[in-house]
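According to TrEMBL, the features are:
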- C:20-41: transmembrane segment (TRANSMEM)
- C:48-64: transmembrane segment (TRANSMEM)
- C:70-87: transmembrane segment (TRANSMEM)
- C:99-121: transmembrane segment (TRANSMEM)
- C:186-205: transmembrane segment (TRANSMEM)
- C:236-255: transmembrane segment (TRANSMEM)
- C:261-278: transmembrane segment (TRANSMEM)
- C:285-302: transmembrane segment (TRANSMEM)
- C:322-343: transmembrane segment (TRANSMEM)
Amino acid sequence: MFAVEELSAAYGPVKALNGVTFTAARGQVTAVLGANGAGKTTLLRTVSGLVRSTAGTVKLNGKDITRTATEKLTSYGLSHVPEGRGVIAELTVTENLRLGGLHRATGSEPMPVGRVFELFPRLGERREATAHMLSGGERQMLVIGRALMARPSVLLLDEPSLGLAPRVVSQIFDLLRGLVQTEELTVVLVEQNARSALSIADHGVVLNLGKVVASAPAAELAADEQLRHAYLGF
Amino acid sequence: MRTTARRAVQAVCVLTTASLLAACGAGKERPSEDGTAVGVTDTTIKVGAHFPLTGPAAPGYSEIPSGHQAFYEYVNDAGGVHGRKIEMVVKDDAYNPTNTSAVTNDMILQDEIFAMVAGLGTPTHRAVVQRLNDDGIPDLFVSSGSLQWGDDPKKSPMTFGWQPDYEIEGKIIGKYVKENMPDAKVGLFLQDDDFGEDGEKGARQFLDSQIVDVQKYTPGGSTDFSPQMSSFKSKGVDLVLGFNTPSYTALSQIAAQGVGFKSKWFYSNVGSDPALVGGLLASMTKGKIPAEQGVKLMDGMMTTEYIPGVDAPEDEWVKLWQKVWDNYSKKGDEKLTNYRIYGMSQAYTFVQALQANGKDLTRESIVETLEKEGGSFEGPGLAPFRFSEDSHMGISGTSVVEIKNGASEPLTPVQVTDIGDAPIEEDDSAASDAPPSSGIPE
Amino acid sequence: MERLRSLLRPVTSVPLARHVLVALIALVVAMAVIGSSSQYLQTRYAEMAYFAIAAGGLTLLTGLSGQLSLGHGALMAVGAYAATLVLERAGGETLADVFLALLTAIAVCAVVGVVVGVPAARLHGPYIAGATLTLAVAVPRLANQWEALGGEQGLQVPVPRASELPAWIQDLIWFFTAVEIDQYSFLAYLGWLLLAITFVALANLSRSRVGRRWRAVRDDDVSAELAGIHLGRARVVAFTVSAMCAGLAGGLMAMNVRLTAPGAFTITLSLTLLAAVVLGGLGSLTGALIGAGVLAFLPHFATDLGESLGFSATQAAEVTPVVYGLVLMLVILLAPAGIVGSLRPLLARISSRTSSLGATKEKTP
Amino acid sequence: MQQFLDTTLGGLVLGAVYAAFALALCLIWRSTRIVNFAQAAMAMVTTYIALSLINADVPYWVAFVAALAAGFGLGALIERVIIRPVEGKAELNAVILTLGLFMVLHGLTAITFGVQHRGFPAPVSTNAIEVGDTSIGITPFGILSIVVVAVVMAGLVVLFRFTDLGLRMRASAFNGEVSRLLGVRVGRMLTLGWALAAAVGAVAGMLIAGGDLVNPSFMDPFVIYGFIAAVLGGLDSPLGSVIGGLILGLSLSYVTGYVGEHLAPLVALGILMVVLLVRPSGLFAAAAARRV
């Protein structure tokens, strides 16, 4: 289980996160939604320690990991998947994946690179390609696959649909849904594309101006027309 | 207005601070005016010189001032010259002419020296000759064999040479080679300035037809002479005449071995000290050879000699130098070397000139003394000075020697000549001069 | 005070007039200081003047247009050789010869500045640093290529004789300082006069439209280009102006050193110039002046310091470059604005406090 | 012909050393996007450390390893203390900083070890190899130099291509933030990059010094020649650096042998400008064009 309590962060005088609280249950997808600038990406970056939190706590399976050094989080089983451009463009697909497996969750079995190629056959075809040659969808597969190499229990995904064709988005979301079940993952999915996100999410959290304005089962949020119009744009 | 005022204040502050700082830095009192000339008081004479204490020419040459200073201490302890003690200011120019100009400026304006004595180097001293003569400062016994110190006393009336100039050295070497190795294909290895040029001029008087290649180097430039040695090799050179400073002797040897160039070598006196070059060679070759063995690497090289050196410990002059060095060397300076002997020999000549000048010492009088009496000074030189009103050239001859086991074995008696087409004659007369028993010229 | 201020207002409201006024005041002070100094100090002041001219040009380039040049030593070499060759041929003993030589040095360096500036304008950061550093090494070696340049041992520089100067100058100097002019004081006066002229010109340039363009290019070259500033041209102009300063400085240096030889223009010269402008604060002419003062006077202090620490003379001589290097590092790490930049807020606070009584302007936030 | 052969062989040896030096610059550029203008001075310091050991009768190869270790430590120290604060800041700052470091190391070495020219031994003969009764213009030490550079090059290829550590280092250099998210200790990797680079520089220093005179300025030419060799190959490419070094070594050897040593820096400047203006990404870089 992954829980964020009263988390706050600021860029200089600007408060980007203001007391955000939510929990993400094991084996579920929790979607974090909101307009551009609502604080979604900041939330993930604060959890990962890339942005320093000013207040609040982050708990992973009951353990307080607030302000843990970014580099240590994978060993605790938390993997942050940056936006699709977060491939290391100069390395090959295989090298990106190998890199992902170097710092695994403590006590976990190493995952063979071949396992990712089974999940994403497309990557297997391009295993020796340098990452900057990949298409947007392939890159997104690569960053997810790379995160899986670390055997995480919690996966933080930042806008996996960004800049992808709808067909590719649904392909990736389907894969993700499957993974949650087979790997018993806790997924926190940050998305601007709320409609697609809610379609695979179990739970939804809506952020606005750094605050949680709604937190409810995904179906409930999708049904709340007012909320959808005000914050989710569909 | 505010900015204007502030800027003006700023500028004034900068200036004032600078001048204040400068004033405390240079806050030395002018010497008392008791003496008869700048740098001279009733009890002291202050002289100065530029030497390469650092840089590519420093090995060897940086030891010369310690010879001077030891001998002056020796004289000072015996009461000085006409009651005056000699003080020598030594400044490092790193063998860079621009630095020479700067440190000479400092010696003239800040240290207020009476005379420059033994400033070292052809390219370096050349930079300040005009200046010293313009300001009427005696410029005695330049530590270099360039012609320009003495061949035109009208142009440089204050400047005097000391050692045999490179032209007569070149002539004597040239004559020896022509007579003894008439079939040798000669390559010249020259420092790319007046030093190399003067030597080449002398050598060509005899060897013009035998010289097949000329290679030059820039002091302070690259230390890899493989290209030059390759060129000698490809031109079939079998005798190299080097007019270069000591480190370049070592470097040319290393480079020659590196490209497999084999030859006889003949280095000008200034670049041939076996102890120094041998030590450098030993430290640069495979593994670490003791310096004494490195000296063996010099075996068979030829050079010239115009004062007795450390390899003749029984020579009366060398005994004197040894005695002075044993008593007056500074801590940290190790043993007596040929460069320290060189410095002491120059210092001896300077003391000789001061003695001959008498009590009334002015910048003009010392020049006059040297012109009138310098030609008959007896000293360690194997040949007499050529000082007169028409010439300020130094020692007039050398002998040709071959290096064996770090010592020089004479191949010819002392040969004396002059610049231009003056004949070369054997003349051992000055070689038998002995020092006075006090060790101080009278 | 108020009356004086209103009297001066027509002068102080025009930048050029203001700069000239500051320069005149500074020049008078400089003349007085030089006139009452020993010959030895006069040579130091002369040195400070030519270093300041070179540093002024460099600070303009680096501070205003954001380009770095480690090749200013080479440009000084060009200026020095140009001036020396003119002096050699002209005899070099009259004032006219001196000015002809310096103008030639400036002109030649302007040409070289364009030639170097055009390719340099396309480089940035480490690339321009490496390229100009290579320039600094390569150019002085050209002296070994042509015999007319005197090779490694260089060319002697004929020095103007004070007695050859026009009588009115001799009288003028005597009138102000009560000391007869000699060649040392002459070179110091000349250096400071040219320094004042150069700085007025540079200050004006940096206040002008050209200067604003340079700053725009430095701060954000992309938006500057979008705003219609021709990037390459702005940079080339800056480089050329800077090169002209270096040329003038080189010409003066030749006369002061009395020798022009490649050994004078080492990497170290270029690096110490950089140290001067970084120390003073990039872009600040006052900073360049301070930096030049340090260059002219520090070696002697540092050497003395080294000797008092028990170093030998040759070791002590190395204290100076260590200090320069430390200055470069510490300024970058601790006070990237340099001396003047770091003191500016302080000065502003002091002056706003002292002038707050009569000031009508609101304080700047 | 003989001379051409000798000059070529001499150029190859020189080129190997430039290559090692360019490699060191390239390693630092890859990890921190900084051109280390203090590289030559750092190598000079480590060479002096080796010389002190040799003069204290320590065997050559022990001193060689000590120089490497000293370089490694010096590189790490400098990155941690001096470079870290300017990483990612305006590139002018790093340039000025490394130039300052160059002057400081230079001066401190001169004060500590003196400015005299001192002989530096070579581990093997510096005499030309003889085949029959003609000698070829290459010495055992020259061959050793080429071999050592090749070994260093191969070692780096193995490190970067085939080890996890190398993968971490490359990842840190290319994308620090993503690497951190993947658990890589990026700071440590950057330090390691500088340390390795300084060790490679130390090797270059030892090869340059062998059989020559050293003084605190003996590495100065490498400030520019190393840079030019690295730019020639494209600062990013280790292989390019090596080829760039060889090209520069050969070019300068021909210029020195046939035209004159004094023109070498000018030719080097010409090569640099042509590369920068015509092919800014270097002769061999596969990467997309970059801003120079």
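Keep in mind that glycine also has a Cβ here, set from the backbone N, Cα and C atoms.
What TrEMBL says about a protein is an automatic prediction, not a curated fact.
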Leading contact stretch, C:70-87, C:186-205, C:236-255, C:261-278 vs the transmembrane segment (C:285-302) - CB distance under 8 Å: C:261-278
Contact call for the transmembrane segment (C:20-41) against the transmembrane segment (C:186-205), three or more Cβ pairs under 8 Å: yes
Among the ranges C:48-64, C:70-87, C:99-121, C:186-205, C:236-255, the one whose Cβ pairs under 8 Å to the transmembrane segment (C:261-278) are most numerous: C:70-87
Candidates C:70-87, C:99-121, C:186-205, C:236-255; stretch with most C-beta pairs under 8 Å toward the transmembrane segment (C:48-64): C:236-255
Interface-richest range of C:70-87, C:186-205, C:236-255 toward the transmembrane segment (C:99-121), CB pairs under 8 Å: C:236-255
